[in-house]
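Asks: This is the structure I want to talk about, given as structure tokens.
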Amino acid sequence: VFSFYLNRDASGTPGGEIIFGGVDSTLVDETRLNYAKLTNQTYWEFKMDEVKIEGVTVGCGAGCSAVADSGTSLIVGPTAEVDKINAKIGATSVSSVAIVDCSSIDTLPNITFAINGVEHTLEPKDYVIKVTVLFQTQCISGFSGMDLPMVDWILGDVFLGKFYTVFDVDQKRVGFAPLASSS
């Protein structure tokens, strides 16, 4: 077993952690971990039920494959499905990046990923990334469209930053739970 926490708040402490051989019980209530059986151990691949916005399925409608990947910054999904999501949050594509109006963040919808029958919800503050360069702030959608041959969705840091993640090699499963502070 190894477990992973990524704090997306640059000023937050801890900044994140990885624990080999266990789980940090100060960060997660282990009884709330939702485990999904791996369908491919090589990539930590599992079945995801669907992606919803305000109760309406916008992706992965018949179930699909997903991987939990801390080496991917964004949430990556099929282009047509991500285009729907970005349209729902008012994102416009500029040089292959989906830009969101920063003043609209508080009014954007939550986006829910159903895994193993349990809903894992991202709020706008979780999936919109604020980037400041030369005193100018832009807001970027945390969703990127890419049609991949091996897997449908990659749940990268935008997703993983909201949850405590446990990779259980022996039981061939991956688990997600809200952080103890957000329970």
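From the backbone N, Cα and C atoms, a Cβ is placed for every residue, glycine too.
Among the features that TrEMBL reports, domain 'Peptidase A1' is placed at 1-177. Under the heading disulfide bond, TrEMBL lists CYS60-CYS64, CYS102-CYS139.
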Asks: Quick check for the class: what is the C-alpha distance, in angstrom and rounded, between CYS64 (disulfide bond) and CYS139 (disulfide bond)?
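Replies: On Cα coordinates alone, these residues lie 29 Å apart.
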Asks: Can you give me the same-chain residues 6 or more apart in sequence from CYS60 (disulfide bond) with a CB-CB distance under 8 Å?
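Replies: Expected: MET48, ASP49, GLU50, VAL51, ALA66, GLY77, GLU81, ASP152, TRP153.
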Asks: Using other CB atoms within 10 angstroms as the count, which residue among the disulfide-bonded residues CYS64, CYS102, CYS139 scores least?
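Replies: So among CYS64, CYS102, CYS139, the disulfide-bonded residues given, the one with the fewest Cβ atoms within 10 Å is CYS102.
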Asks: Taking every residue in the domain 'Peptidase A1' (1-177), what is their average pLDDT?
Replies: 92
